[in-house]
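Copied over from TrEMBL, here are the features:
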DOMAIN    41-287  domain 'G-protein coupled receptors family 1 profile'
TRANSMEM  25-47  transmembrane segment
TRANSMEM  59-78  transmembrane segment
TRANSMEM  98-120  transmembrane segment
TRANSMEM  140-158  transmembrane segment
TRANSMEM  205-225  transmembrane segment
TRANSMEM  237-258  transmembrane segment
TRANSMEM  270-289  transmembrane segment
Amino acid sequence: MAQDNSSQVTEFILLGLSDTRELQLLFFTFFLLAYAMVLLGNLLIIVTVWTDPKLSSPMYFLLCNLSFIDICYTSITAPRVLVALLSGHKAIAFEGCMAQLFFLHFVGSSEMFLLTVMAFDRYTAICRPLHYTAIMAHRACWALVAACWAGGFIHSIVQTVLMLQLPFCGPNTIHSYFCDVPPVIRLACADTTRTEWLMASNSGLISLGCFLVLVASYALILAKVRAHVSQGNWKALSTCASHVMAITLLFTPCIFTYLRPAGTLPTSKYVSIIYTILSPMMNPLIYTLRSSEVKESMWRLWKSCRT
C-alpha cells in the first residue's frame, strides 16, 4: 500500500447504468418512483408510530428507526442518480465521492446492526415473553439503537481512512452510479491487495456475521413456534418468514459484493440496485404494513386528518 496520501485526481466520472437515452429515461422513471415510495412509505410509518400511543412497544420503536435509516440510506444515492440521468452530468468531486462512500457505509452498516437488534427483539418476545418487558426496556432500546449508529460510524471511518491512504493519479472513470469501495479502489495507482483484504474483512465479515446471527435467531424462533403450535405462533411464523425474505434481499448482494477482494471478480452495478433501492422500498411493506395494528393506526390517522 502506498504511503503517499496525495491525489492528482480531483473528480470522478460515474458512468451510471446505461449510455442509451431510452434506457436512461427508463431508469430515471424507475428510480423516481422507487425513491418516492421509499420516502412516502417510511415517512408514513414514522408519523404513524410517533402519533399513536398504542404503537409504543419496542418493536415499533425499532421499526420507526429502520424507516428513518432507509430514508437516509436511499437519499445518499438516489437524488444524485436522478439528477445525472436527467441532466447527463456524471462528474463527482473527489471529496464528494469520499463523502458518499463514508455515509453509504455509515448508514448501511447501521441498518445491518439494527436489523440484528430487531431479530433479538422478536426472539425475546416469542421465546422469552415473561422477561420481554425487562430486557427490552425503554432505556435499553435507546442504548441498542445508539450502539447500532456507533458501530456503523466505526466501520465507515475505517473504510474511509483506508481509501484516503491510496493514491489516485490516473483513470477516474467509475463503472457504477455511485461511489463505493469495489469500483473506486480499482482506480488506485498502487498495489491494493492488502487494502482490499482489509476492506473485505471489514465490510464482508460484518455483512456475513449479521446475516448468520439473523438466520440463527429466526431458526430459534421457528423451533419455538413448532414446539408450541397456536394461532398466535403461526402468525409469528408468517412474520418471521417475511423478515427472512427481507434480510436475504439485503444481505445476499452485500455479501457477494464485499466478502472478497475488489479485483477477484467483477461486481455488477445492477446488483447494487437491490440493496440501495429495492430493499429500502420493500422494508415498509415487509416489516410494518403487514401488521394489522399499524394499518388500523394509519386508518385512524387518515380519518383524523380528514376531520
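Keep in mind that glycine also has a Cβ here, set from the backbone N, Cα and C atoms.
With a threshold of 8 Å between CB atoms, the same-chain residues lying at least 6 positions outside the transmembrane segment (237-258) that come near it are 108, 111-112, 115, 118-119, 122, 180-182, 199-200, 203-204, 207-208, 210-211, 214-215, 218, 221-222, 225, 267, 271-272, 274-275, 278-279, 282-283, 286-287, 290. If you look at the transmembrane segment (59-78), the same-chain residues 6 or more away from its ends with a CB under 8 A from one of its CBs are 31, 34-35, 38-39, 41-43, 45-46, 49-50, 100, 103-104, 107-108, 110-111, 114-115, 117-118, 121-122, 125, 141, 145, 177-178, 276-277, 280-281, 283-284, 287-288, 294. For the transmembrane segment (98-120), same-chain residues at least 6 beyond its ends with a Cβ under 8 Å from one of its own Cβ atoms are 59, 62-63, 65-66, 69-70, 72-73, 76-77, 80, 92, 144-145, 147-149, 151-153, 155-157, 159-160, 163-164, 178-181, 184, 203, 206-207, 210, 213-214, 217-218, 243, 247, 250-251, 254, 275, 287.
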